[in-house]
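Worksheet: the structure to be examined is printed underneath.
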Amino acid sequence: MTNIRKSHPLMKIINNSLIDLPAPSNISSWWNFGSLLGICLMLQILTGLFLAMHYTSDTMTAFNSVTHICRDVNYGWVLRYLHANGASMFFICLYLHIGRGIYYGSYMYKETWNIGIILLFSIMATAFMGYVLPWGQMSFWGATVITNLLSAIPYIGMDLVEWIWGGFSVDKATLTRFFAFHFLLPFIISALVMVHLLFLHETGSNNPTGIPSNTDMIPFHPYYTIKDILGLMVMMMILLALVLFTPDMLGDPDNYMPANPLNTPPHIKPEWYFLFAYAILRSIPNKLGGVLALVISIAILFFIPFLHTSKQRSMTFRPLSQCLFWLLTTDILTLTWIGGQPVEHPYIIIGQAASILYFSIIIILMPLIGLMENRLMKW
């Protein structure tokens with residue numbers, strides 16, 4: 001008799017995705033982040049659901065409802081800080097996952113890669129709207145500044161901004177619709193994740209060598225389930241250390257002040273995981289130019305498969321490309337630091353130099369180095 005997990009229509013899907021899935025025998029811990037992202041998404045949906053039971057999306061009561069969750073709801077503070085710091089863990093895993101994809105050439109699976117970038121945009125939109133909900137100073141002013149960027153779009157810009165605001169400024173209508181979208185988007189993200197996995201399982205996983213591994217595959221369970229559980233334990237230790245010891249380390253102190261449209265904070269800045277893009281936005285003096293640079297800085301990921309010139313897929317055996325990759329990593333970290341600094345000398349010029357370097361590495365240097373490595377290998 002056939003095992004039920006192989007014959008039952010529903011169990012069969014789970015079996016082919018998580019148990020009997022053929023996986024390359026040599027994938028490293030860099031392949032753990034996919035499962036960690038799935039766990040982060042489930043954690044965010046669960047904690048968010050319980051927070052939504054106590055939160056009110058009204059400008060008069062939003063800030064107080066968050067205070068009420070932290071003070072009066074049983075373990076409400078755990079829910080709130082798990083949700084806030086869970087978002088940070090989500091983005092750490094997300095950026096490492098994308099970095100892995102770039103380093104090992106996983107972007108050559110174009111459908112999986114493109115769905116992944118759409119997922120990135122969706123998660124960024126969700127996180128931005130979530131940051132507005134506590135209705136603190138940085139929530140209000142962050143929402144005002146970022147939504148106002150759309151006014152740079154010629155002709156329809158201002159109409160578009162007022163349409164998103166639901167009035168002539170960020171107010172009750174804005175908060176209500178942001179809460180509605182913040183609640184809805186994670187479920188859309190879950191559906192996109194299914195599509196992401198569907199395309200991935202069409203081709204199978206890449207591996208550190210970048211060479212097809214069809215001749216050497218092992219079942220996902222128990223080998224990689226155990227490996228993923230180890231990754232989960234490490235992530236949960238870091239997350240719980242954050243939540244229980246320094247829950248406000250990654251937040252902004254200004255957000256503990258209720259939103260006040262008459263008082264602007266000295267430095268308006270988004271959460272740390274958007275700072276690199278914010279630094280690129282600020283480094284261009286022109287408003288429309290800045291908005292375009294901001295969008296292109298992330299949308300450029302769509303073009304990475306077409307900028308691949310090397311005959312080798314992975315960077316494992318390409319030391320020159322490795323140097324460029326780590327230069328790009330340090331450049332993004334520099335941009336993250338600059339995004340959190342005030343707009344004054346020398347931060348302006350450092351931000352501009354780092355922004356130019358960011359685009360130069362991806363568009364010009366990486367394809368050139370790929371061609372150069374081909375020549376050096378006499379290919």
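Just so it is clear, glycine is given a Cβ too, placed from its N, Cα and C backbone atoms.
Copied over from Swiss-Prot, here are the features:
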{"type": "TRANSMEM", "residues": "33-53", "note": "transmembrane segment"}
{"type": "TRANSMEM", "residues": "77-98", "note": "transmembrane segment"}
{"type": "BINDING", "residues": "HIS83, HIS182", "note": "heme b b562 binding site"}
{"type": "BINDING", "residues": "HIS97, HIS196", "note": "heme b b566 binding site"}
{"type": "TRANSMEM", "residues": "113-133", "note": "transmembrane segment"}
{"type": "TRANSMEM", "residues": "178-198", "note": "transmembrane segment"}
{"type": "BINDING", "residues": "HIS201", "note": "ubiquinone binding site"}
{"type": "TRANSMEM", "residues": "226-246", "note": "transmembrane segment"}
{"type": "TRANSMEM", "residues": "288-308", "note": "transmembrane segment"}
{"type": "TRANSMEM", "residues": "320-340", "note": "transmembrane segment"}
{"type": "TRANSMEM", "residues": "347-367", "note": "transmembrane segment"}
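The transmembrane segment (113-133) shares the most Cβ pairs under 8 Å with 178-198, out of the stretches 77-98, 178-198, 226-246, 288-308, 320-340. Within the chain carrying the transmembrane segment (178-198), a Cβ under 8 angstroms from the stretch's Cβ atoms is held by residues 17, 38, 41, 44-45, 48, 52, 55, 57, 112, 115-116, 118-119, 122-123, 125-126, 129-130, 132-133, 143, all 6 or more beyond its ends. Counting Cβ pairs under 8 Å that are 6 or more residues apart, the transmembrane segment (33-53) and the transmembrane segment (226-246) reach 3 or more and are in contact. Counting only same-chain residues at least 6 apart in sequence, those with a Cβ under 8 Å from the Cβ of HIS97 (heme b b566 binding site) are PHE33, GLY34, LEU37. When the binding-site residues HIS83, HIS182, HIS196, HIS201 are compared by the number of other CB atoms within 10 angstroms of each CB, HIS201 has the fewest.
Here the transmembrane segment (226-246) has Cβ contacts under 8 Å with residues 29, 32-33, 35-36, 39-40, 78, 81-82, 85-86, 88-89, 93 of the same chain, all six or more residues outside its ends. It is 24 Å from the Cα atom of HIS83 (heme b b562 binding site) to that of HIS196 (heme b b566 binding site). If one looks beyond the transmembrane segment (288-308) by at least 6 residues along the same chain, the residues whose Cβ comes under 8 Å of a Cβ in the stretch are 98, 102, 105, 107-108, 110, 113-114, 117, 120-121, 124, 149-150, 152-154, 276-278, 280-282, 355, 358-359, 362-363, 366-367, 370. In this structure the C-alpha atoms belonging to HIS196 (heme b b566 binding site) and HIS182 (heme b b562 binding site) are separated by 21 Å.
Of the recorded residues, HIS201 (ubiquinone binding site) and HIS182 (heme b b562 binding site) place their C-alpha atoms 29 Å from one another. Annotation note: HIS196 (heme b b566 binding site) sits in a helical segment as assigned by DSSP.
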